[in-house]
Each structure stands twice: as structure tokens, then as C-alpha cells.
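Chemist: Let me begin by handing over the structure; questions about it come next.
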Amino acid sequence: MELLFASAVGLLTACGIYLILRRRSFPVIIGLSLLSYAVNLFLFASGRLAVNRPPLLHEGAEGYTDPIPQALVLTAIVISFGMTAVIVMIALSDHLTSRDDRVDAPAGGAADDGVEAPAAQEDAR
């Protein structure tokens, strides 16, 4: 079970980092979401995965599962959803103003690889 969770955390982290390094804004947003999923899974797995154990200690229970990582994961899910919404709105407003969704494009509109942005091409005409 621990190997499965460790593999999933590693795979989500690797895919998230790969997508963050892309030039377009949508893969960057997806990469940030994957990284937050990896952190959530890591926090959840840090609470000692116990099968058929109650989350709270009461009479007659031999052991219990620590509820703190579960509460942290729920809080992290809410925060990451809010941050993803903010990042999507920032990327959308940037796309609407510059007509380009490249992350590495300079403020002037022209990209550094010699390809001009559509707004810069219209101004040149």
C-alpha cells in the first residue's frame, strides 16, 4: 500500500513539474493542480494508513487513525481550488489583453523565438 502511494506521489510530482515547464498557460495551470494533488496525497499518506480503524478513539478500540492529516488535506483541497480559480482568472485576463497565452512572452507582445504575437502582427499592418 505504501509503495502504491509513494509511486502515485512521484508520478503526480513528475507530471506536474513537466507541465509547469511548458510555454502555454493552460498546461502550467494543470501542472500546478497536479502538484497540489501530489502534496495532498503525501499529507494523507503521512497519517499512517490503517485499514478498518476508527478515526476517533472510543472504548473498545485497539487503535485509531490520526485525523489531523485528513483535516489538513481537506483544508488544502479548498485552498488549492481557490488558488486554481485565481490563476485561471489571471491567465484568462492575460490572454484577453495580449491575445497570446504564452507564459514566457515579453510585455511587448513579441515572443523571443522570432514569432510575433497576433496583436503585434495587426499593429504592423
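Glycine too: its Cβ is placed from the backbone N, Cα and C atoms.
I grabbed these lines from TrEMBL:
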TRANSMEM  6-21  transmembrane segment
TRANSMEM  28-51  transmembrane segment
TRANSMEM  71-92  transmembrane segment
REGION    103-125  region 'Disordered'
COMPBIAS  105-125  compositional bias 'Low complexity'
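What's the neighbourhood like for each of these?
Modeler: Sequence-distant contacts of the transmembrane segment (6-21) (same chain, six or more residues past either end, CB-CB distance under 8 Å): 27-28, 30-35, 37-38, 41-42, 45.
Here the transmembrane segment (28-51) has long-range neighbours at 1-2, 5-6, 8-9, 12-13, 15-22, 63-70, 72-73, 76-77, 80, 83-84, 87-88, 91, 103, meaning same-chain residues at least 6 beyond its ends whose C-beta is under 8 angstroms from one of its own.
Within the same chain, residues 25-26, 28-29, 32-33, 36, 39-40, 43-44, 101 sit at least 6 positions outside the transmembrane segment (71-92) and bring their C-beta atoms closer than 8 Å to a C-beta of that stretch.
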